[in-house]
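Undergrad: What follows is a single structure, and I will ask about it in a moment.
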Amino acid sequence: MRKTFIAVLFFLTIASIIYSCQSAEKVEQDMYYTNGRDLYIKHCQNCHGAKGEGLGELAPPLTDTLYLKENKTRLACILKNGLSGTIKVAGKEFEGKMPDFNYLADIDIAQLIVYITNSSGNKQGMYKTEQVATDLKNCK
Amino acid sequence: MKYLSNLSIPVFFAILFCLTSCKNERKLPIYGEREAKTIKNEDGTTKTDSIYQTIPDFKFLNQDSVLITNAKFKDKIYIADFFFTSCSSICPVMHRNLKSIYDNYKDNPDIMYLSHTIDFKYDKPSVLKKYAQKLGVGPQWQFVYGPKEEIYGIAEKNYLVAVMEDKNDKDGYVHQGWLVLIDKDRRIRGAYDGTNPESVAQLTKDIPVLLAEYKK
């Protein structure tokens, strides 16, 4: 009786630790997402739109989940250094110029990435601040 | 008593009539400077009239490299603004908002759009053409290019929009985001902040009011 009680207690503790770890991570992601949304409204919404719908052929949409997935490790570079040349997003070609945001701190970039990769139909989960430095080393 | 009730009925109708007609005829104000002018009538009497500020004659190259003048906007109301194609701050918002109005009135030939570039170095007609295509708008929306003095002059003196070159700005130019509503008599009837959704909503409401003025 006592043994089962301890076993149950042990199990519950472990479960709650795992659960709270997960939710701590979730809380962090939510925080990134919310701050990322504020940054997005301030720096990006003018071109990419409130719902990530883009602007005609002047600015591409952020609703192409495949593009954002395939280029996930390049997103930090795009935000920091801007982007030009021809790219294909959501089946359309874009030949524009996105300005650089080189004044943004790594944490801002991470929060923006969490926001754009988890809104407008995207659902890629967390992207940590430490990842920004790593990704920026590989910019082309 | 009888006398009073006899009078009160027409008075009542007069007030009612006034109230309903006033409500239907919301009129947009006329902006800018005005001067009083004395006009001689044919019978020799005189009357005073207000002369309103109007958009002067202009001549600019459009996105098709064609010289256009006020004649292009004859018998049209139009919305004018100042922008440049490489502007990365407020212009995309202004034109996103103006585009939604454009889409709304696509089938109405009485309304046009006139965007002046303030980037006289880079925004040549071919650049404007590309911009118009990418924005997805047709000839109802004209984009014009002109010498700096003329564009900057008409902006500040006539459309009352502040524009300037600014070496310290990332994009090199700064300007206000007004969408200026011009009537068929070249007068300013409204100025709306093209970056502010509420202000743009007001413009959306004012366009039919202005169009209605010419319906009679």
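Counting begins at 1 with the first residue displayed.
Glycine too: its Cβ is placed from the backbone N, Cα and C atoms.
Predicted automatically and left uncurated, TrEMBL annotations should be read as such.
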Undergrad: Identify the disulfide partner of B:C87 as annotated in TrEMBL; candidates are B:C22, B:C91.
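TA: Partner cysteine, according to TrEMBL: B:C91.
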Undergrad: If you take the centroid of the Cβ atoms of B:C87, B:C91, B:H175, the listed Cu cation site, which other residues of that chain have their Cβ within 8 Å of it?
TA: B:F82, B:F83, B:F84, B:S89, B:I90, B:M94, B:I118, B:D171, B:Y173, B:V174, B:G177
Undergrad: Determine the most Cβ-crowded residue among the disulfide-bonded residues B:C87, B:C91, using a 10 Å radius around each Cβ and all protein chains in the structure.
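TA: Of the disulfide-bonded residues B:C87, B:C91, the highest Cβ count within 10 Å belongs to B:C91.
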Undergrad: May I ask you to report the DSSP-based helix, strand or coil state of B:C87 (disulfide bond)?
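TA: Where B:C87 (disulfide bond) sits, the three-state DSSP reduction gives coil.
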Undergrad: Can you work out the mean pLDDT of the predicted model over the domain 'Thioredoxin' (B:49-212)?
TA: 96
Undergrad: Between the Cα atoms of B:C87 (disulfide bond) and B:H175 (Cu cation binding site), what distance do you get, rounded to the nearest Å?
TA: 10
Undergrad: To the nearest Å, how far is the Cα of B:H175 (Cu cation binding site) from the Cα of B:C91 (disulfide bond)?
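TA: So the Cα of B:C91 (disulfide bond) lies 9 Å away from that of B:H175 (Cu cation binding site).
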